[in-house]
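The transmembrane segment annotation in TrEMBL covers 67-89, 101-123, 182-203, 245-267, 279-301, 313-335. Annotated domain 'G-protein coupled receptors family 1 profile' per TrEMBL: 82-333, in sequence order.
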Amino acid sequence: MCDRPDREIEMREIRSEARVRRDTELLYSQAAQMNVSTLSALVSNGTAPSDNGFYLIAFDTLGNKNYLILALVIIYLITLFCNLVLLVMVFMNPSLQNPKFLAVCNLAVVDISISSVIVPQMVPVFVFNLNHISFGTCFSQMFFMHFFSDMESFSLALLAYDRLVAICFPLRYPYINTNFRMSFIIGGLWFLVFLLEIFPVTLASNLLYCRSRVVQSCCCEHGPVYALACGDTSLNRQLVTGKSLLVLFGPLTFIVLSYIIVVFAVLRIASVAQRWKAFNTCVTHLALVFIYYLPVIMAYIMANLNLVKSVDLFTAVLTVCVTIPPMLNPIIYSLKTEELLEKLIKTFKPSKVTTQLQKQEEVR
């Protein structure tokens, strides 16, 4: 009789311990679920403490996104081929190694570089959905993308300088514009653009990004990235605006003024044939200036006047407009420059002797 109450007490204690254990497990399970849901929400917003990068999001509203990437890849391959052919032709022909073609080669290097910074990284991001990009990669891409974009503008101004000296001072051109001086100017421009870009990018990389890490762009552009920062970004905005205006309208103003001087100089030439020849040497460069500056200025105006209705469509059009000039530059120069066109024809067109030998082999 006395053992039964003891056993009942033991059974109650066992049941109580089991109930406590079950409640404890339930509490741990609920806490774990809360932590997982909180962590997933943080990751989806791109604000998790362990998240050390950004997520590139663009072209989601475009149904033909893959066709756009395919078109950009084709443009990139043509850009590589044409600019490399131009560089090889100048390297292999000493007669083309003069100040004018040094400036042309500088433009070709810039064209290859800017396309290589933008297009190849878009394939894994938008075709295979590998849209995460680390901080280091993002800010490196930001620097080089803006660096070579700025160099494109200054390279066109350099070509305008070469035409100005060649037309206004034809007899003194070999003494004013030597290979050494042109190389020195090119090096100075690269250093100047480096100084213009390194400070804004460094400032943006030191900001605290505790908001969303989702960058609404196809690449790490300055504006869409620093807009995600938590602190005061007014200095970044002022630097970017000032630098953009300087890089865009500074070289463009120089180009316009140089061609005004060229027009007055050409009008003083008595011979109509010589006038036409002088104007014809400027047509190629003016075509390059028109192709590059018109889309950039239109995009700048539309963005500042809030005329953009679809961000994805605007990004797609702007990306195509940025990648097309590097493709067209070597083609236009090859077709419109007599010295280069002659060398290309001699290189790729088979000689008469080779043609005759091929015909003799076919007869045999």
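Note that Cβ sites are derived from N, Cα and C of the backbone, with glycine treated the same way.
Counting Cβ pairs under 8 Å to the transmembrane segment (67-89), the top-ranked stretch among 101-123, 182-203, 245-267, 279-301, 313-335 is 101-123. Note on the transmembrane segment (182-203): residues 99, 102-103, 106, 139, 142-143, 146-147, 150-151, 154-155, 158, 161-162, 222, 235-236, 239-240, 243, 246-247 of its chain, located 6 or more positions outside it, place their CB under 8 angstroms from a CB of the stretch.
Counting same-chain residues at least six beyond the ends of the transmembrane segment (279-301), those with a Cβ under 8 angstroms from any Cβ of the stretch are 152-153, 156, 159-160, 163, 166-167, 244, 248, 252, 255, 259, 262, 266, 307, 314, 317-318, 321-322, 324-325, 328-329, 332-333, 336-337. Non-local neighbours of the transmembrane segment (101-123) in the same chain are 69, 72-73, 75-76, 79-80, 83-84, 86-87, 90, 133, 141, 144-145, 148-149, 151-152, 155-156, 158-159, 162, 179, 182-183, 186, 218-219, 319, 322-323, 325-327, 329-330, 333, 340; each lies 6+ residues outside the stretch with a CB under 8 Å from one of its CB atoms.
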